[in-house]
């Protein structure tokens, strides 16, 4: 069977969805591992990662079942959902790559003050820093109650905002690049599903258009 045939389209779509399933299971596993080891205790972060993993897993299962059974309805909704995910993911990825240092500072500053005290304490211990930016009197309060190891070595610690900014550029580029890569695989999935949906199954009645 040539690569443009029914079997090739089916196998390619199945393989793509198996990859999506593995990525979804990996996200769920990493979130559970991080929670189990106490690396992250925020239920919002853990819940968000697990939700993304479950959503990706469900899409992959629907696509896989639709590809194996040549199910028209499943393939149609698979195309629609995957197309919407592509639009959303492509926009987020471009935003990650385009955000400048000033915007990063604003985002970090806004996020810091909506975190719980427990989450801030975990970040300070993890990054070995105290406070965010030395801009307000709240910095002195954070620094006074800081439990990072650097407090035992010196009376002053590096500000967490400086360390966050140091790693944020690299993290955003990685997230944006990986997001763009997967967004184009989603376009490939939409194209394969649309193509496969309009092909005839050679094992079925030749006069029937499936």
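Cβ atoms are placed via backbone N, Cα and C, with glycine included.
The feature disulfide bond is assigned by TrEMBL to 129-160 (among others). All chains included, 25 other C-beta atoms sit within 10 angstroms of the C-beta of residue 160 (disulfide bond).
TrEMBL lists 130-150 (among others) with the feature disulfide bond. Less than 8 angstroms from the CB of residue 150 (disulfide bond) sit 128, 129, 130, 157, 158, each of them six or more residues away in the same chain.
Per TrEMBL, transmembrane segment is recorded for 12-33 (among others). Non-local neighbours of the transmembrane segment (12-33) in the same chain are 46, 49-50, 52-57, 59-61, 63-64, 67-68, 182, 185, 188-189, 192-193, 196; each lies 6+ residues outside the stretch with a CB under 8 Å from one of its CB atoms.
The annotation transmembrane segment is assigned in TrEMBL to 45-68 (among others).
Outside the transmembrane segment (75-100) by six or more residues, the chain places 59, 62-63, 66-67, 107, 172-173, 175-177, 179-180, 182-183, 186-187, 189-190, 193-194, 196-197 with a CB less than 8 A from a CB of the stretch. The transmembrane segment feature in TrEMBL is assigned to 75-100 (among others).
As annotated by TrEMBL, transmembrane segment applies to 174-194 (among others). Residues 9, 12-13, 16-17, 19-20, 23, 63, 66-67, 75, 78-79, 82-83, 85-86, 89-90, 92-97 of the same chain lie 6+ residues outside the transmembrane segment (174-194) yet bring a C-beta within less than 8 angstroms of a C-beta in it.
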Cβ atoms near residue 129 (disulfide bond) (within 10 Å, other residues, all chains): 22
